[in-house]
């Protein structure tokens, strides 16, 4: 009886989507502070420490042998008494003096604690950016197929497939020790995330048919996304520093199993429930200028934080000499303010106008990004990152309900394809951002990267005005 009541409850569906988005985004951000320092430790420091012993290998046995007081000569079968400690010391001194002119293999650690290997860190910007972007690139490719699949078989089975793939990706992250394996795990996460996001948001839009209720539900669901972003980076950095690389991923794998059990009970993933009406084709939705404006706002506002993820930790290592735990904590203000922004504007955006809310949000995103390079330490990042998270929360909580509203207003009320487009917009931000961000930092520096993406957001903001009063399908037909 409890299960039957639960399956009919809209709130439990909201809980399932909330938890799925929470875990997806925890895994998305938990790697942000771990991967740059893990690759630096295993590849740069590991390579240098393996070179150093190889150069000291040919030392004569006298240096490794304990001091001796007599020496037996096999040439004339006599024993000669020597001062072992003195001869050993002299021999060591001679060896040291002969080695002095040779340059050291790596410079000694700086007193300030800054990492060595400027050239390695510059290259790592690009590699880490590509690794982070791989998830979004794969998700970008898979999303349209998932949108079509949900129209044919419903949202329940794709949602459960997403859980299975996410669990496998999390376990792979825990036990991957090379860049290639981490890259594959990240790409696999993109497939699972595509199933979870498209099916979850489409399910919410179909369950909450009233526009005001849908806005509130989307705000709560995006709160799960925000909470995942909030917990992920600090949780990852602290666990990596004090427990080890595998520990945060094993905790996430356990939470994913609980989410899978919840889905089995509530969603009945064996049940096929196709939409009763045929949805608007993806190509038609992509030709709608109002949907494209909304998708662009989602893309560019999230591209800013996507560019920060691979580049900010490395910039902090170079300029602030930050320890490992600070690399994740730097994202804490953005995550807290995003959580506040999505929950607050899920309700307020409907009253003040979602178009105005997103316009102001994009302008604040741009200003916050321009202020990030001005920080001299981790405390200087609190204001810009806090403003960035709050503003992205304003844009996301406004644009997600607008996507569903535009489909109701101008097309057929089937939501799989439109939320596939919304997810593609997210993915384009998180694909273009890290992959180009690392290359731009290497070419012209981190401050110029922030200026470029900040100006793009400020310039795009006025386009949100077009979403103020979009025409209905009938109005469009009459005007044509």
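Cβ atoms are placed via backbone N, Cα and C, with glycine included.
Note that the coordinates shown come from a computational prediction; the quantities given were computed from them, not determined experimentally.
For 12-35 (among others), the entry in TrEMBL reads transmembrane segment.
Residues or ranges marked as domain 'Major facilitator superfamily (MFS) profile' by TrEMBL: 62-472.
Taken from TrEMBL, the feature region 'Disordered' covers 94-114.
Residues or ranges marked as compositional bias 'Pro residues' in TrEMBL: 101-112.
Look at TrEMBL and you will find 161-185 (among others) tagged as transmembrane segment.
Beyond the ends of the transmembrane segment (191-208), by six or more residues, the same chain brings 10, 13-14, 16-17, 20-21, 24, 28, 135, 138-139, 142-143, 146-147, 150, 155-156, 158-159, 161-166, 168-169, 214, 217-218, 221, 400, 404, 415-416, 419-420, 422-423, 426 to within a C-beta distance below 8 angstroms of the stretch. Taken from TrEMBL, the feature transmembrane segment covers 191-208 (among others).
For 220-243 (among others), the entry in TrEMBL reads transmembrane segment. Outside the transmembrane segment (220-243) by six or more residues, the chain places 14, 17-34, 37-38, 200-201, 204, 251, 323-332, 334-336, 338-339, 341-343, 346, 393, 396-397, 400 with a CB less than 8 A from a CB of the stretch.
Under the heading transmembrane segment, TrEMBL lists 249-269 (among others). Taking Cβ pairs closer than 8 Å, the transmembrane segment (249-269) reaches residues 3, 6-7, 12-13, 15-16, 19-20, 23, 26-27, 30, 156-157, 159-160, 163-164, 166-167, 170-171, 173-174, 239 in its own chain, all 6 or more past its ends.
Counting residues 6+ beyond its ends, the transmembrane segment (290-308) has Cβ neighbours under 8 Å at 132, 136, 331, 334, 358, 361-362, 365-366, 368-369, 372, 388-389, 391-392, 395-396, 399, 402-403, 406, 410, 418, 421-422, 424-426, 428-430, 432-434, 436-437, 449-450, 453-454, 456-457, 460, 463-464, 466-467, 470 in the same chain. The transmembrane segment feature in TrEMBL is assigned to 290-308 (among others).
Taken from TrEMBL, the feature transmembrane segment covers 328-348 (among others). Proximity of distant same-chain residues to the transmembrane segment (328-348), defined by a Cβ-Cβ separation under 8 Å and at least 6 residues beyond the stretch ends, is recorded for 29, 32-33, 215-216, 218-220, 222-223, 225-227, 229-238, 305, 308-309, 312-313, 316, 322, 357, 378, 381-383, 385-394, 396-398.
Among residues of the same chain six or more beyond the transmembrane segment (355-375), those with a C-beta under 8 A of the stretch's C-beta atoms are 297, 300-301, 304, 308, 312, 345, 348-349, 381, 383-385, 387-388, 390-395, 397-399, 402, 446-447, 450-451, 453-458, 460-462, 464-468. The transmembrane segment annotation in TrEMBL covers 355-375 (among others).
Per TrEMBL, the feature transmembrane segment maps to 387-407 (among others).
What TrEMBL lists as transmembrane segment is 414-433 (among others).
Sequence-remote contacts of a segment are chain residues at least 6 beyond its ends whose Cβ falls under 8 Å from one of its Cβ atoms, and for the transmembrane segment (445-467) they are 289-290, 293-294, 296-297, 300-301, 303-304, 307, 311-312, 315, 354-356, 358-360, 362-363, 365-370, 372-373, 402, 433, 437. According to TrEMBL, the feature transmembrane segment maps to 445-467 (among others).
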Using a Cβ-Cβ cut-off of under 8 Å, list the residues of the same chain that are 6+ residues beyond the ends of the transmembrane segment (161-185) and lie near it. 20, 23-24, 27, 31, 35, 39, 42-43, 127, 130-131, 134, 191-197, 199, 245-246, 249-250, 252-253, 256-257, 259-260, 263
